[in-house]
Amino acid sequence: MFPFQPMYPMQPMPYRNPFAAPRRPWFPRTDPFLAMQVQELTRSMANLTFKQRRDAPPEGPPAKKPKREAPQKQKGGGQGKKKKNQGKKKAKTGPPNPKAQSGNKKKPNKKPGKRQRMVMKLESDKTFPIMLEGKINGYACVVGGKLFRPMHVEGKIDNDVLAALKTKKASKYDLEYADVPQNMRADTFKYTHEKPQGYYSWHHGAVQYENGRFTVPKGVGAKGDSGRPILDNQGRVVAIVLGGVNEGSRTALSVVMWNEKGVTVKYTPENCEQWSLVTTMCLLANVTFPCAEPPICYDRKPAETLAMLSVNVDNPGYDELLEAAVKCPGRKRRSTEELFKEYKLTRPYMARCIRCAVGSCHSPIAIEAVKSDGHDGYVRLQTSSQYGLDSSGNLKGRTMRYDMHGTIEEIPLHQVSLHTSRPCHIVDGHGYFLLARCPAGDSITMEFKKGSVTHSCSVPYEVKFNPVGRELYTHPPEHGAEQACQVYAHDAQNRGAYVEMHLPGSEVDSSLISLSGSSVTVTPPVGTSALVKCKCGGTKISETINKAKQFSQCTKKEQCRAYRLQNDKWVYNSDKLPKAAGATLKGKLHVPFLLADGKCTVPLAPEPMITFGFRSVSLKLHPKNPTYLTTRQLADEPHYTHELISEPAVRNFTVTEKGWEFVWGNHPPKRFWAQETAPGNPHGLPHEVITHYYHRYPMSTILGLSICAAIVTVSVAASTWLFCKSRVSCLTPYRLTPNARMPLCLAVLCCARTARAETTWESLDHLWNNNQQMFWIQLLIPLAALIVVTRLLKCVCCVVPFLVVAGAAGAGAYEHATTMPSQAGISYNTIVNRAGYAPLPISITPTKIKLIPTVNLEYVTCHYKTGMDSPAIKCCGSQECTPTNRPDEQCKVFTGVYPFMWGGAYCFCDTENTQVSKAYVMKSDDCLADHAEAYKAHTASVQAFLNITVGEHSIVTTVYVNGETPVNFNGVKLTAGPLSTAWTPFDRKIVQYAGEIYNYDFPEYGAGQPGAFGDIQSRTVSSSDLYANTNLVLQRPKAGAIHVPYTQAPSGFEQWKKDKAPSLKFTAPFGCEIYTNPIRAENCAVGSIPLAFDIPDALFTRVSETPTLSAAECTLNECVYSSDFGGIATVKYSASKSGKCAVHVPSGTATLKEAAVELTEQGSATIHFSTANIHPEFRLQICTSYVTCKGDCHPPKDHIVTHPQYHAQTFTAAVSKTAWTWLTSLLGGSAVIIIIGLVLATIVAMYVLTNQKHN
């Protein structure tokens, strides 16, 4: 038949039914949304396939059996093949006996997956069930020679040897443990602390491990699985399951595991339930029974089943009871098991619609509520009609059924239209809820046409697209980045939210009343009852009937009212429906299409064009959508900015050496650091020096230049004044004496003519001929003054730059203490000098530093939902409010609301018609997915992930920075901490929302205010201790229709989401990175970490075994200061022998990149270093020898870099020698002028005084 042999044997053809099934009706498809429908269908099918395994397909014809097996299958001996097959078919389809029926209820075992097979094989002799009353209540497993069993699991281990062991209790970990006998230790599990992120195996398949949490798909694992092990691919136990909690589409597991030190740790998510198989009991007529096994079910006794559900509505096992009541025992499960079918307990209803085609009306498709809180553009509606059920209450997809004056009718869902400003696309419906995707609009309208009548209902609601992320886009992009968001689930999974139901009240149905002759006849529907009230003349009739009855006293239909009564169906507890008389039986059903965590594609704005300047960055922005730009400084004061950019713009920012960060839209953060660079040349001419230091230190440079200018000005002015004063004092006596002869020296000093010498040359000639000593003194005085001033200035003004020593360079024999900066990625190198031993190098690099605060959850807040009871209406009588016990519940009695025979109640009285209105507050249906958590933060613990190298031994370890907890590796004992700075970015009160942390001073529990954060508060998402304060006020209803009007403050949670500032992720100081699960800050560049080493002797090397240098010379080949290892030093040496030597700089002038170098007997070694000094001069230690390295460094060329500098940033660049030379020269010239003036003044004064005494 085939030209080749198939690789695998062909499967038998499936069984074909000879009777063709009726063809399904064809419905036209909606072309514009075809791609969307295919995508949603694929997603739904994937969910169903992943979360449950479908039933096996119908069996095909039996495969061809070997001849030796044929006699065993033939019971009649001489029957042929056809007869044999007919016998099989008959045996399969015939009426089974009770034993066979009980056996058929059991599904055939499905073939487990690869992971399950592996775990089952390993569990067979290492895991033992714990039995309680004949049922498996949990499991115990043997790991590492010890028996572990959960402490909350009661019962006896199904092994005589293990059951006889005496166990010890560890209540902190919810475990009991004991040592197993020696003969059983060979067949035990091995455990491991290695847990890389990925998938692991347990009894039910795959377990995902991510961010320190184990999760499984929802529905996988349940009560009775406590104690089961989770294994890796090598069959080692990584955790033991204790319980779980549903979180949307996933279930988080509570587990016990081991850390790197082999210490047991326990992780328990919030609201976790223990998975011991404890039977939940329910109540019926004062008789208890297991909730999963009710004595009645809905298909057999509907009214009694609803009453049973109402009694147990607050029972923890209500979901089990509801599921069992809907699926009667003995019924075969179908592939739609995951889709709850509980809405067959309800029926549609007619309610008042505020806006129909013309005014208000009593509509079969009244819209009760509209929600659009997701980020995917979908809308969830709650209506009075129902979806997924036909008129008989059976499951039927893509169908809507509605109530038309007591008659339930159905219509295909594609004939129902929904639109806002434009038509919507209806995705699916379930129960009272409809999921659709709608364009933006201020109202939403639903309508359908039946025959020639069009039914419609509109409600005001602003439908808009809610973008996620930091760009305000209006339509999902085709390409972009994936970001966590909240989307409406497209399935009817049980996610823990409920909608309240109750038995419907009496509803007027005029179609039940007819006129037969001159009498009124009331005919109730088959199987239902009707309440008849008539007022005929002076006769009042009030009677309940279940079959047609004629009332001869009444001759007009208007004299009677017929109310339909139904106690076998629930309806939604709507304020548009009247409440049933007496005690109303309430229930609750699950809400489909809830918000769930998902991934959304968000747009990426065009990358900004970045221009770097001197300590500045310029961003040229071109957003396509309004985009947020957030910046912060990575210093102690973040000085953050947060701006929404809608148009092309240019923004300029200052960048410092401590760093600067900006976040543009949905792009990841980018960080920049400034380098110590500037124009000019610190080793050049004066104007180049001034330009360089003006850009680096503008204020200091201006101040220094101002001081120098003032000194020069004062010097010139003082010298001039002194010279003039001396000249006047010297010449005045001679000017007052007639014919006085002025001495030659005085004439020269005072620039005055003598009687004998007319010119300067004549004066010098006179001194040369008459007094040569004075001649040489006159010439040497200025030169001597210049020499003296120059020497004085050299001693006074030559300032040595101040450098701070970073830390100790050596240590004692066994112990070494040092301090390293608390900054991730920056290496710290040092050596340990010990007498008689070679220096031991130590290198430490922190890869990550975590700061984890101790937090206490105060409460959870979210959107609130206003619950309204159907109003209790009493005609011809009064009512009172019953005591209130629900959150923010309001109750009020209104009298005279409904007039005689008109309005919603159709009362027969004109007065004393009362209505009791009740409203209260509850958590929204989507509170589980969309909520904020208010925490109080306390003392924080610090963890440092260090890469440590001691000598030639390296290790990556985690250290608790508390000064107490040591870490041991290769015999080295390391103790870190405590931090030099007790600092945390978290305030005392913090709020966690959508994976981000906010410092927010929230109100205390029980002190919330309307319209503000905390207006509703609950201790946990699932707890029932709800506090609410929403300013709920009931208003008087109008007579036209039954309703409960009210006013209420807007949601404080929603207002807080609109007004909240940027989270700590964008505003934390010191460049902290903020994360959740657990709440923590990482890589905060603040403070320093003290380290204490205790090093064993084995790691030291004798000095005789290491080389020694006989000659060494260091030259700086290249040096760029304030740059990442921008210096290169070459050391030429002669060594005693080849070997490896530690290198170190004892001072803090330079930071070396290398911790050790390889030496030969003669050669050179190249060493890279970083320095912040313009003229570095440091001693370099190589083994036990020292060599001095010095030279000049130039500023870096790049103004801005994308990584922090790996040198000690506490050192600032010193003033260059060239600058000191120019400054000394400037100040020296000014001082010479002053000293010359002082010398002249002194000589003149001495001469004048001597001359006066002589005279």
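Note that the numbers count up from 1, one per residue, in the order the chain is shown.
Each residue, glycine too, has its Cβ placed from N, Cα and C.
Reviewing Cys1072, Cys1084, Cys1114, the cysteine that Swiss-Prot connects to Cys1189 via a disulfide bond turns out to be Cys1114. According to Swiss-Prot, of the residues Asn47, Asn1083, Asn1083 is the one noted as N-linked glycosylation site. With respect to the membrane, His667 and Lys725 are annotated on opposite faces, judging by the topological domain names in Swiss-Prot. In Swiss-Prot, the feature region 'Ribosome-binding' is placed on 112-126, out of the ranges 112-126, 217-231, 622-636.
Of the listed cysteines Cys875, Cys876, Cys881, Cys927, Swiss-Prot assigns the disulfide bond with Cys907 to Cys875.
For Cys356 (disulfide bond), the nearest neighbour among the disulfide-bonded residues Cys424, Cys457, Cys560, Cys1183, judged by Cα separation, is Cys457. The number of other Cβ atoms within 10 Å of the Cβ belonging to Cys909 (disulfide bond), over all protein chains shown, comes to 16.
Recorded residues Cys560 (disulfide bond) and Cys554 (disulfide bond) have their alpha carbons 8 Å apart, per Cα-Cα distance. Cys927 (disulfide bond) falls within neither a helix nor a strand when secondary structure is assigned with DSSP, and so counts as coil.
In space, Cys554 is the closest of the disulfide-bonded residues Cys554, Cys862, Cys927, Cys1072, Cys1189 to Cys876 (disulfide bond), judged by Cα positions. Under DSSP, Cys730 (disulfide bond) is assigned to a helix (H, G or I) in the three-state scheme.
In this structure, the C-alpha atom of Cys1072 (disulfide bond) lies 28 angstrom from that of Cys862 (disulfide bond). When the disulfide-bonded residues Cys536, Cys862 are compared by the number of other C-beta atoms lying within 10 angstroms of their own C-beta, Cys536 comes out lowest. Comparing the Cα of Cys1183 (disulfide bond) with the Cα of every entry in Cys438, Cys554, Cys730, Cys881, these being the disulfide-bonded residues, the smallest distance points to Cys730. Proximity of Cys881 (disulfide bond) to non-local residues of its own chain (separation of 6 or more, Cβ distance below 8 Å) is seen for Cys891, Lys892, Val893, Val916, Lys918, given in sequence order. Cα separation, Cys730 (disulfide bond) to Cys361 (disulfide bond), rounded: 122 Å. The disulfide-bonded residues near Cys457 (disulfide bond), taking a 10 angstroms Cα-Cα threshold over the set Cys361, Cys424, Cys909, Cys1114, Cys1141, are Cys361.
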